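Feature annotation from TrEMBL assigns active site, proton donor to Asp83. Residues annotated as Zn(2+) 1 binding site in TrEMBL: His84, His198, His232. The Zn(2+) 2 binding site annotation in TrEMBL covers Asp105, Glu142. Sequence annotations record features per position, and here TrEMBL assigns dihydroxyacetone phosphate binding site to Gly199, Gly233, Ser234, Ser235, Asn275, Ile276, Asp277, Thr278.
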Amino acid sequence: MARITLRQLLDDAAEHGYGVPAFNINNMEQVLAIMNAAAAVDAPVILQASRGARSYAGDIMLTKMVEAAEAMYPQIPICLHQDHGNDETTCLSAIQIGFTSVMMDGSLKADMKTPADYDYNLDITRRVTEMAHRVGVSVEGELGVLGSLETGEGEAEDGHGAEGKLSHDQLLTDPDSAVAFVRDTGVDALAIAMGTSHGAYKFSRKPDGDILAMHVIRAINERMPGLHMVMHGSSSVPQDLQEAFNAAGGEMPQTWGVPIEEIQTGIKYGVRKVNIDTDCRLAMAAQFRRVATEKRAEFDPRKFLQPAMAALEALCRERFEAFGTAGHATRIRPVPLAGMAKRYANGSLAPRAAVAAAA
Ligand SMILES: O=C(CO)COP(=O)(O)O
Ligand SMILES: O=C[C@H](O)COP(=O)(O)O
Ligand SMILES: [Zn+2]
Ligand SMILES: [Zn+2]
């Protein structure tokens, strides 16, 4: 009932100066926890599904869960987004089953391990964007490879991430190339590389400008004030969640994520979508561990899942409030895909506007 495209949602976010967390979903408990948090603070929602999530739940179960969420929370606009699409097939099949937004991640080849060159990325992203826009669906591209400026390595913990050592040139999005890439592909949003990586082990110390390159965001924003930037690997890996996990027998070595204040600074300079999965996993897993150690006779899965959902709901609510997403849901009137398709066709959504504004 209230499915929204990424483009419309991020345009609204830019107009009103907020950012939107994009939470990964795999199961009913995550969907309900995220939606309960959104309903409590009137926040629009981005639910994103990885290729892993699509094979874990299955496309039918995944899309039916989102349909259920629409019916249960009709006042909350929901963007259903393909996270890290690796090729045309992944993106087009997502569109076919009702996703309103896809990420074509051409910074890596289709194996999601081999860093791709600029021309490969440009070509595949442009082709996906042309097709998606015909039916009104939004596209996120990625320029630059996610990975650590400390180690020069991408992360490989979930089967997605560059292999081998990467240079700082690869690990940091070049602002001038970003302008050309957006202009030549027509993407609605651009994921940038700035020293973050997926998973819990992003930084070996509280990040400063040497390892979390906020200057990349400012430089791109100066050139394209209208561009919607996406921060991947943006879990904060909060100390209290690490402690809760370890207090219940977990063995997570001390680690640092992306501080909330840095994300808030990013939002001031054009970051509109903030990808968060690790924090959600950790919030739930800490509760699974706690129940398992405190109640050793417990075997009802709901007794593990209910506190896990409560912890995830609290986390999502904090992010909606911290990023300024709260309070915007009921005001937004989602434009149907056909309406968005018309706007792409008549040129009114072309990135030209964003690029020209930089002049
Ligand atoms: O970028 C992400 C999904 O695309 C998630 O990042 P985290 O691992 O930091 O949560
Ligand atoms: O892109 C990374 C997300 O954290 C999704 O992870 P996943 O592929 O294990 O579902
Ligand atoms: Zn990538
Ligand atoms: Zn990501």
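The backbone N, Cα and C atoms fix where each Cβ goes, glycine too.
In terms of Cα spacing, the binding-site residues Asp105, His198, His232 that come within 10 Å of Thr278 (dihydroxyacetone phosphate binding site) are His198. Other than the site residues Gly199, Gly233, Ser234, Ser235, Asn275, Ile276, Asp277, Thr278, same-chain residues with C-beta atoms no more than 8 angstroms from the centre of those residues' C-beta atoms, the dihydroxyacetone phosphate site, are Thr196, His198, His232, Gly257, Val258, Asp279.
The residue listed as 'active site, proton donor' has its Cα within 10 Å of the Cα of none of the binding-site residues Glu142, His198, Gly199, Ser235, Ile276, Asp277. In the vicinity of ligand 2, defined as a Cβ distance under 6 Å, the following of the binding-site residues Gly233, Ser234, Ser235, Ile276, Asp277 are placed: Asp277. Taken residue by residue with DSSP, His232 (Zn(2+) 1 binding site) is part of neither helix nor strand, so it is coil. If you check the binding-site residues His84, Asp105, Glu142 against Asn275 (dihydroxyacetone phosphate binding site), none has a Cα inside 10 Å of its Cα. Under the three-state DSSP scheme, Thr278 (dihydroxyacetone phosphate binding site) falls in the helix class. For Ser235 (dihydroxyacetone phosphate binding site), the binding-site residues whose C-alpha atoms fall inside a 10 Å radius of its own C-alpha are His198, out of His84, Asp105, Glu142, His198.
Residues Asn275, taken from the binding-site residues Asp105, Gly199, Ser235, Asn275, are distinguished by a CB atom under 6 angstroms from ligand 4.
The distance from the Cα of His84 (Zn(2+) 1 binding site) to the Cα of Asp105 (Zn(2+) 2 binding site) comes to 5 Å. Listed binding-site residues near His198 (Zn(2+) 1 binding site): Gly233, Ser234, Asp277 (candidates Asp105, Glu142, Gly233, Ser234, Asp277; Cα-Cα distance within 10 Å). Sitting within 8 Å of the Cβ centre of His84, His198, His232, and not among those site residues for Zn(2+) 1, are the Cβ atoms of Asp83, Asp105, Leu146, His160, Gly161, Ala191, Gly233, Asn275. Those residues noted as binding dihydroxyacetone phosphate (Gly199, Gly233, Ser234, Ser235, Asn275, Ile276, Asp277, Thr278) have their most widely separated CA atoms at a distance of 11 Å. Within the group of binding-site residues (Gly199, Gly233), the Cβ with the highest number of other Cβ atoms inside 10 Å belongs to Gly233. The distance from the Cα of Ser234 (dihydroxyacetone phosphate binding site) to the Cα of Glu142 (Zn(2+) 2 binding site) comes to 15 Å.
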